[in-house]
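Listed in Swiss-Prot for this protein:
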type	residues	note
TOPO_DOM	1-49	topological domain 'Cytoplasmic'
TOPO_DOM	92-138	topological domain 'Cytoplasmic'
TOPO_DOM	160-175	topological domain 'Extracellular'
TOPO_DOM	197-200	topological domain 'Cytoplasmic'
TOPO_DOM	222-253	topological domain 'Extracellular'
TOPO_DOM	275-293	topological domain 'Cytoplasmic'
TOPO_DOM	315-340	topological domain 'Extracellular'
TOPO_DOM	362-396	topological domain 'Cytoplasmic'
TOPO_DOM	441-458	topological domain 'Cytoplasmic'
TOPO_DOM	480-493	topological domain 'Extracellular'
TRANSMEM	50-70	transmembrane segment
TRANSMEM	71-91	transmembrane segment
TRANSMEM	139-159	transmembrane segment
TRANSMEM	176-196	transmembrane segment
TRANSMEM	201-221	transmembrane segment
TRANSMEM	254-274	transmembrane segment
TRANSMEM	294-314	transmembrane segment
TRANSMEM	341-361	transmembrane segment
TRANSMEM	397-417	transmembrane segment
TRANSMEM	420-440	transmembrane segment
TRANSMEM	459-479	transmembrane segment
Amino acid sequence: MGETAAANNHRHHHHHGHQVFDVASHDFVPPQPAFKCFDDDGRLKRTGTVWTASAHIITAVIGSGVLSLAWAIAQLGWIAGPAVMLLFSLVTLYSSTLLSDCYRTGDAVSGKRNYTYMDAVRSILGGFKFKICGLIQYLNLFGIAIGYTIAASISMMAIKRSNCFHKSGGKDPCHMSSNPYMIVFGVAEILLSQVPDFDQIWWISIVAAVMSFTYSAIGLALGIVQVAANGVFKGSLTGISIGTVTQTQKIWRTFQALGDIAFAYSYSVVLIEIQDTVRSPPAESKTMKKATKISIAVTTIFYMLCGSMGYAAFGDAAPGNLLTGFGFYNPFWLLDIANAAIVVHLVGAYQVFAQPIFAFIEKSVAERYPDNDFLSKEFEIRIPGFKSPYKVNVFRMVYRSGFVVTTTVISMLMPFFNDVVGILGALGFWPLTVYFPVEMYIKQRKVEKWSTRWVCLQMLSVACLVISVVAGVGSIAGVMLDLKVYKPFKSTY
């Protein structure tokens, strides 16, 4: 899900090179003759098709969420695990269908376009809900930055450990602290945070997509190889047995597994941005509905394979993060490639999620203190080899670095990949994937209160709220249990 970059870049590139036509981001659009190269909102003609949209969605979905799926299925077992995944995919499919009707406010063919998820909420549901949606979305982005810091440091350590195991022939347990690796990742992100519009560099999304497919495919392949070597499918129908874990742990872990699976499917936020790259006619929503069906089918099959093979390979001992659980020591170079791919992917994906927060903070501050020199003054520094000087703004430098330091410190305080992923999945799933799309659809299509359709939509929403709450509680309980055993800043693996 980290590769939302793909969608973003595509969108930004519509108008970054063509500042002249960037009228749509303001409120007025001069009347224009129907040129062949522009759309009805004065932006350059969109060229996306069902296939480009599907590709964007697939790259936006398949990401670090894959890594915890085997663990999630291990908590739920062979019956409930795949069933829950199927359920999430169906809910996501349905809510994506509702969302695709919200790209244009009012009329599906000629209504005003909404360029992002937040635009749609603002224009359909109004100011108050827009603020709440923003709060949840920025919290989610902040949480993802923390989750990615943890995941990246775990993968860096995994490379170090696998080489250490290899050297000592498996005799040395190779315990180490994750802190130095989090700090290295943090320093890299502080530097990248200073690059303006980093999330709009076109090749980032391609790199992210290639990397996530690399490590997902390696994880899948190693799972299949391990199953073949074992000669049996491990695991049980009801998941991890009581005895291995206590009764209460089993309940918490089951709840947390729901959050982990929800996280793997949480990408509805980028759907409208992807829809904004699609050409019309036919109506964008039609193309998008096809694309959603294709991409959700592909990702669900892929997730089922990764999760099931991981569980079949390790049974109840399935690691929380498939590639770093050390179920595989050999071929160690292949594991290193997979973990390096994760790190490269997360370094870029961190920025894709952090930059919108930066943009939001900068905009809010500029509106509040328009005349403050400290906030707006830029110093130019000439960098040898670069044509244009680099502009330094003290405020930007200070608070962006502060943001990265905050996420790094929180990661060191609670470096539990699964728990954090579960919390994020729970936080984002109900409001962003279900509640807002349902509310927007009801408002858009003027669904009558207490009509059958209205009641069904509200029941779906309430059911998903319950799942979100349960997953959140389970994950928070997981953090509490982990913190009993773990001393902050002293984590070892």
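Cβ coordinates are placed from backbone N, Cα and C, and glycine is handled just like the others.
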Top partner of the transmembrane segment (201-221) among 71-91, 139-159, 341-361, 397-417, 459-479 - counted as Cβ pairs under 8 Å: 341-361
Contact set, same chain, for the topological domain 'Cytoplasmic' (362-396): CB under 8 Å, 6 or more residues outside the stretch: 194, 196
Recorded stretches the transmembrane segment (50-70) and the transmembrane segment (459-479) touching, at least 3 CB pairs under 8 Å: no
Feature contact check the transmembrane segment (341-361) with the transmembrane segment (71-91), CB under 8 Å, 3 or more pairs: no
Maximum Cβ pairs under 8 Å to the transmembrane segment (341-361) - stretch from the list 176-196, 420-440, 459-479: 176-196
CB contact flag for the transmembrane segment (397-417) and the transmembrane segment (254-274), at least three pairs under 8 A: no
Recorded stretch that, among 139-159, 254-274, 294-314, 420-440, has the most CB pairs under 8 Å to the transmembrane segment (176-196): 139-159
Within-chain partners of the topological domain 'Extracellular' (222-253) [C-beta distance under 8 Å, separation at least 6 from its ends]: 70, 73-81, 306, 309-316, 322, 327-328, 334-335, 474, 477-478, 481
